[in-house]
Structure formats: structure tokens, C-alpha cells
Amino acid sequence: MWPVWSQTNQTSNRLCSCFLKMACQGLQKGETLATLKKECESLKKKLEEDRGKLNDVELHQVAEKVEVVGALSIKTRRVLKGHTNKVLCMDWCKDKRRLVSSSQDGKVIVWDGFTLNKEHGMSMPTTWVMACAYAPSGCAVACGGLDNKCSVIPLSLDSNENCAAKKKTVAMHTNYISGCTFTNSDMQLLSCSGDGTSALWDVESGQLLQSFHGHTSDILSLDLAPSETGNTFVTGGCDKKANVWDMRSGQNIQSFECHESDINCVKYYPSGDAFASASDDATCRFFDLRADREVAVFQKDSIVFGASTVDFSLSGRLLFAGYNDYTINVWDVLKGTRISMMFGHENRVSRVRLSPDGTALCSASWDNTLRVSRSFPHE
């Protein structure tokens, strides 16, 4: 549908080598920092021109004859109350029933999404617990925040047991933890931080396996490619960039700089061939990795508040985006149009996540609650 991005590799590689020379080597004879910066800008401009030549068609043009998504009936089925301050993050367990949330109140809570019971409530040594994630096995959760640490907490079947006492510090950054996720096993953990780096850790030993450097400011979000053999992940941050990384080499293999403000969230498309981003510039954008470019922008003149979080429906046809005006907008990914709005929260929506089976949407908010909604007829 779109041209492959490899045709721009030559220019991109030259640009990378130029940056590496500036960062790692002394100046060669006749070179100055100003001349290297000028060459970098020239190469970046040429790269954009080469990308533009390959830009043959927009996504909404390809989808003109695709059937329009019908009316959606999305209703809130559960409201989870228990946090006493802003809910900053949440994640589903793969059993499609339990979920974990973290809050500015310093608490991490494991919920039963069916009964609303709190299975575990754990106090962390810091407020602003900004990241949390369920392990693939469902037997542990990871969390981190302003203490610059990411900890893994084993879960017990006994709800009276003090799980927090068993927590183990796995990751250490030099600034706050903004995101974390397990890889495809409980044994490795990815983290990102306000120190501008992301890192891969061994859970058992706490050893740093790989570090990833490329952002020039705080990283606010990361997401792992949705494949059992996937070795890439994407990050977004305050430098307005979304970077794709190879976990094996530590290299930044693709970079996108289209937003005009901080990127608050990045999320892979279900196939792993694309990803979406949400930004304070009030837009969500869709990037195709094969075409090496942005292929859709989700925006309206009436939307003036920043987008804080995004997630796809199971089929990838719908994009759910949470905003700072307390709403969740539902976008048609192919046509680029807004097809529904969801209300109910009384403060910023900090996180939206689809359940693993795609039948429920959980949203976390600064109004101290989580809301579980169903259902999505077209799926």
C-alpha cells in the first residue's frame, strides 16, 4: 500500500554517522562544530525530501471505499474506587479479569474487574507511582515513579499477605520512572525514564542488559512490539520524537519528529507494522514503519486540549484516545474521522487500555477512579 522505507536508508545512515562523529570523535582537519551542524541540517532536509518523493497516497484516500463504522454503544459497566489521589497508570492481566493501577497516593492496587474487589493494596516508598505493569504470567507486577526505581512485586493467592514486603528493586535510573513493561517473559523488564534513557533489565539479578540512548529530553512512554518474537519497542518523549529501538543491538532504528509538543503516549498497532502517538499538541498521529512516515493525523478544530493516552481496538480499526478535557475520543483509524465520544471522568484521562480479548476498555483518570466500559459491536 505504501512504499518501503529502505530507499531512504543511505541518507539516514549518513546523517547518523554525522551525529556519531559529533558525539564521539574529535573534529577532523577543516571541520568545525558549525560545519557539522550545517551538514546535519542539510542531511535532515534531504531525508525529508526523499521521504516526500515516496509519499504517493494518504491513508484516508486508500480507505475511501471502505465501509463506514456503524454507531457504537459503549457503556460504563464498572467504576473502580479506592485510590485517594490521581490514578496515573493501569495495566490488564492476561487473564482478562484482573488489572493493576498506580496512583499519586503512593499505592498500587490489584483489582478484580468483575467483582470490583481489591485483591492487593501495596504502599510504595514514594508518591507519584507513575508506571505499573502486569507480568505475562500474572504472578507479579512492576511499578516505579519518583524514587527513580522500578520494582517487581510477586503476588500471592492470600489477599492478607503483605506482598509489598517481597518487592525487589530491578531497575535504577537517574530520574523518575515514567514507564515500564515486561517483555514476553517474567524474566526481563523494559523501563523508561525522565533521564532521557530506556533500559532492559534482568529481573532475577537486577543486571542492566541493554541501555538505549537517543532522546534529548524526558521519555514519557514506551510500548513493546506485539509479537512473541518481537525485538523492537517504541518510545515517545518531551523532545517531540518517537523512536523505534532494536532490543538486541540497542540501536535507534527509526525516528519520527512530527508532533509540535510533548509525546505523552505511544502504542503499537496490533499487527506491529505501525504505531500511534498522543501529544500535548492536541493531535494523535499514526506512523507506518514500512513507509517510514506519518500516514494519518487524528485531530479536529474543536479539540484544543492535549491527548494523554491511546490504545487500539483488537482489530486495529478503532483508536481510543484520552484527553486532558476529561473525554475519550474514538477515531476510525482508516478514515481518520471521529466516530464517538465517551464521557464520565471528572478530570484528565491518564490511561486507556483494551483488555487482552478486546471486549472491555479500562480508563484511568486524575479523578481518582478507573472506569471499565463495554462493548464494541463491529469487533
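Backbone N, Cα and C define each Cβ position, glycine as well.
Curation plays no part in TrEMBL annotations; they are all automatic predictions.
Of the candidate ranges 33-60, 229-256, TrEMBL annotates residues 33-60 with the feature coiled coil. Within the model, the repeat 'WD' (342-372) carries an average pLDDT of 97.
Listed by sequence, the residues of this chain that lie at least six past the ends of the repeat 'WD' (212-255) yet keep a Cβ under 8 A from its Cβ atoms are 5, 175, 178-181, 183-184, 190-200, 261-268, 270-272, 275, 277, 279, 287, 289, 292.
Beyond the repeat 'WD' (80-112), the same-chain residues lying 6 or more positions past its ends with a Cβ under 8 Å from any Cβ of the stretch are 118-134, 136, 138, 141, 143, 145, 153, 155, 164, 347-348, 350-351, 353-357, 359-360, 362, 364-366, 368-372.
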